[in-house]
Amino acid sequence: MRDDILLKEITDIRRHIHMNPEMGFEEYETSKYIKEYLLKLGIEVIEGIAKTGIIGVIKGKKGNSSVAVRADMDCLEVKEENDLAYCSKIPGLMHACGHDGHVASLLGLAYTIVNSKMSLDNSVILIFQPAEEGPGGAEVILKSKVLDKFNIKAVLSMHIYPEIEQGKIGCCIGPITARNGEIDIHVKGKSGHGALPHTGIDSVIAASQVIQAVQTVISRKIDPRENAVITLGKIYGGEARNILAGKVTLEGTIRAFSKDVYSTIKDSINMFCDGLAKANDCTIETEIRDMYPEVKNDARLFDMLIKAAGEENVEVVKPLMISEDFSYYREIAPQLFFLLGSRNEDEGFTHPLHNSKFNFDERILLNAIDIFSSILEMLDKE
């Protein structure tokens, strides 16, 4: 009976959020909906955090310390291609990364704590975060200092994940997502006629050497026992087929599981580009923007996850090269981030994240709520 009532509650929430997607830092209606729901439960609300963020505070009996649980709220610029009664009503926008389910699970956790009268010593801080997809709402929330007063001892979160079977959980100790950065490399030579190449400086030739050199960073500068990847996914420049290009721009990304490896990659790219600029008598400017750090799971919290979900239901996964701004919360407390399996071949829930046909069975959210509830109780006994 409890599951039936809760399932209807979170299904209604999820489908409402799904029909009304909003982009990062623009989640005004989502934020309003969350606020009204929390107030209806009698939960204290702090609003206007990171523009559209909402904090719910469920006060514990002692109130000396807190546990935070976070859900992201933003959608993607994707045109939904599902044939559902609850499809996105906003053209060109869709919850194609499961954030509607994340919000529903966190509100479902709030509903469970209040209606089951869970008696907790620790306060529970519910973080409804904007802009996970970029430019990074977590960092903005932390910079606001709103969480500093709660003496947070752990921060929990999850992500719906269609590569893992429904009913299963994916997790590991240590890094579970990668640190990442964006690279822009501007190669500036001298334009000239193709019939007189000696009068110009060919940026295309120099750029091709940069591409080759950058791709040797991983194979020759990084310990092969480490995992990292450089992707140069965009190249553009030149004006005509018979004119030496005066400028070529390369754009790409860096991903690694440690700060040291990431720093080595950055330094090596800069070193190679400096050398190639001299060799080609051109100018090469590099800009590397640090994005999200790695999410790093705490071993103690991982053990609690095993107990909460059941060892037979937890797959110890290899770290993912994707990035997640949940990583920033590690600055305030140990963190746990797990993958909530949603793949169901029989029901057709097989499409990947960010796909226009992504969908999932809302029953998986009950699993997340149960896990969060169990870990909250375990942390309460410490």
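Count begins at 1; order follows the chain as displayed.
Even glycines carry a Cβ here, placed using N, Cα and C.
Note that TrEMBL annotation is computational and uncurated.
Features of the protein shown, as given by TrEMBL:
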BINDING   Cys97, His99, Glu133, His159, His354  Mn(2+) binding site
DOMAIN    183-270  domain 'Peptidase M20 dimerisation'
Cβ packing number for Cys97 (Mn(2+) binding site), 10 Å threshold: 22
Sparsest-packed of the listed binding-site residues (His99, His159, His354) - C-beta count within 10 angstroms: His354
Nonlocal neighbours by CB distance (under 8 Å) for Glu133 (Mn(2+) binding site), same chain, sequence gap 6 or more: Gly24, Asp72, Asp74, Cys75, Leu76, Cys97
The domain 'Peptidase M20 dimerisation' (183-270), counted residue by residue under DSSP: helix, strand, coil: 34 helix, 32 strand, 22 coil
Segment confidence, the domain 'Peptidase M20 dimerisation' (183-270), expressed as mean pLDDT: 97
Collapsed DSSP category at His99 (Mn(2+) binding site): helix
